[in-house]
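Enquirer: One structure follows; several queries about it will come next.
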Ligand SMILES: [Zn+2]
């Protein structure tokens with residue numbers, strides 16, 4: 001899977017965004033180790049704190065289907081239909097991704113490719129509780 005194609009899938013996922021309050025649509029395309037893509041979008045709620053990001057939507061969909069190993073995630077966000085600017089993942093999503101992914105998870109954004117460790121070099125994880 002070309003990472004450029006994965007980013008295109010993230011933009012497509014943003015079409016399903018339920019973002020009636022912010023008007024900011026986000027899509028994510030999560031690539032499993034098996035080559036399966038799970039797409040997610042942001043889902044807002046009138047009780048704002050219940051809003052779920054696109055990245056976590058994609059992760060939860062994948063895990064609920066039995067996939068727990070991921071190699072890349074593409075993220076695209078826009079408030080006006082222009083997805084050319086990068087949409088960086090929030091801290092909550094990085095933490096959720098880190099539960100299932102190592103430092104080498106590729107994060108594909110409009111401005112290039114990153115690794116999970118670029119955004120979250122130190123994190124709370126299973127080893128933190130030992
Ligand atoms: Zn997030």
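Even glycines carry a Cβ here, placed using N, Cα and C.
Below, the features straight out of TrEMBL:
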- 1-127: domain 'CMP/dCMP-type deaminase' (DOMAIN)
- 53, 90, 93: Zn(2+) binding site (BINDING)
- 55: active site, proton donor (ACT_SITE)
Enquirer: Which ones in the same chain are close to residue 93 (Zn(2+) binding site), with CB under 8 Å and 6+ residues apart in sequence?
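Expert: 53, 55, 56, 59 - these are the non-local Cβ neighbours of residue 93 (Zn(2+) binding site), listed in sequence order.
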Enquirer: Select one residue from 53, 90: among these binding-site residues, choose the one with the most other Cβ atoms within 10 Å of its Cβ.
Expert: 53
Enquirer: If you draw a 10 Å sphere on the Cβ of residue 55 (active site, proton donor), how many other Cβ atoms land inside?
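Expert: Residue 55 (active site, proton donor): 29 neighbouring Cβ atoms within 10 Å.
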Enquirer: What counts of helix, strand and coil residues does DSSP assign across the domain 'CMP/dCMP-type deaminase' (1-127)?
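Expert: Looking at the domain 'CMP/dCMP-type deaminase' (1-127) with DSSP, the answer is 42 helix, 33 strand, 52 coil.
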Enquirer: Cβ within 8 Å of the Zn(2+) site centroid (53, 90, 93 excluded): which residues?
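Expert: Neighbours within 8 Å of the Cβ centroid, excluding 53, 90, 93: 54, 55, 56, 89, 91, 92, 94, 96.
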